[in-house]
Amino acid sequence: MNFLACASAMILNVTLREMDSNRTLDLDEPSAYMLQEWIISPPYTDMKMFLIPPIVCLVAAILVIPSILFVIFSSFSIRQETRYLLLGNALLCDLMYLIFYTLSAILNGANLTLPKYACVLLLFLLAVTYCGGLLTAAAMVLDIFLAILFPLRYVAILPSSRTKKLIVLIWLSSGVFPGIIYLVLMVTQKPAPCPMNTCSVPIILVMTLHGDDAVKFCYMLSVAALFLCLALIHGCYIILYLKTRQSGIWESVFSRASVTFLMHHTILFFYFSPLLALVVETLLYINAVIGLRTGIWMSLTICNVLMVLPKALLPYLYGLRYREISSSLKFIFRMKRLSLVSPVVSP
């Protein structure tokens, strides 16, 4: 309510100044246009319907990810392989992201305001887990790249001990980049006359387009880093295809190599389609093709649907595809079923 009163006073002052100079209020001015639409149609009443996708994806992930993680880390032979360690780290990052984001979406849907430092911590954890999943996906591509191009030296190049160090490096890198951006913003930002107490990721993404040069620079830097990661991943896949197309593994459409290639590209498409949609939304918004309300709806769709969907699909499309994991899960469930069936005693 304090923000609404402050914003109303600002718009009234702008209107009076414009009337004194015999001009009309320029609704295309970003700050006045944003504040007017925000007051007339606050998005919180329309956000509750967007709670369904994160909750559904979280439930779908909880049904299978803990079981896969248990199989990976409880079996000595499985956790000695690089691909399974990276898969476990990717699933862990995705599960944590779904938990944190669903919590954030529920709090915002209920119109509950978090304290400033709690909101900063939640946003930081979201950034760390999202970057961790993305970097782990890149490391999984690198693992396949090394296994195919250097099969004889693969074990020496990336043993399990080095993979564990790589996972630690991934987590450190995932925390350093958001931390640097936060420090830059904390140093460069000045107290706003009408501070907006919101911890909603979609709304924050829209509000960054109205920030100063430091905010816009951090936004562009994050998008550029994501595009660079995407380019490196696709570059590795192109090199793999060129190196292996003469080996005959691509002859059949249903061959294991073709299915694996298609599966990886499907997962990558789901991971990076939100980024492309976000860039399109940004271009439409800064060119005044869409308004603030449409921009918020698009951001809600990107964050609450497109960004959480691949994290729920990854364990089903990728984790259960490994024979060792699927057979271990079948064995565990079979043992549980047998333990629940009481023995029949003959008279």
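Every residue, even glycine, has its Cβ placed from backbone N, Cα and C.
All TrEMBL annotations are machine predictions without curation.
What TrEMBL records for 64-318 is domain 'G-protein coupled receptors family 1 profile'.
With a cut-off of 8 Å between Cβ atoms, the residues of this chain six or more beyond the transmembrane segment (51-73) that come close are 79, 84-85, 87-88, 91-92, 94-95, 98-99, 101-102, 105-106, 109, 304-305, 308-309, 311-312, 315-316, 319-320, 325, 328-329, 332. The transmembrane segment feature in TrEMBL is assigned to 51-73 (among others).
Feature annotation from TrEMBL assigns transmembrane segment to 85-109 (among others).
Annotation source TrEMBL lists transmembrane segment at 121-154 (among others).
According to TrEMBL, the transmembrane segment annotation covers 166-187 (among others). Remote same-chain residues near the transmembrane segment (166-187) are listed as 85-86, 89, 120, 124, 127-129, 131-132, 135-136, 139, 158, 214-215, 218, 221-222, 225 (criterion: CB distance under 8 Å, separation of at least six residues from the stretch ends).
Residues or ranges marked as transmembrane segment in TrEMBL: 219-242 (among others).
Annotated transmembrane segment per TrEMBL: 262-290 (among others), in sequence order.
If you look up TrEMBL, you'll see 296-318 (among others) marked as transmembrane segment. Note on the transmembrane segment (296-318): residues 43, 46-47, 50-51, 53-54, 56-58, 60-61, 64-65, 68, 87, 90-91, 94-95, 97-98, 101, 105, 130, 133, 201-203, 205-206, 263, 266-267, 270-271, 273-274, 277-278, 281, 290 of its chain, located 6 or more positions outside it, place their CB under 8 angstroms from a CB of the stretch.
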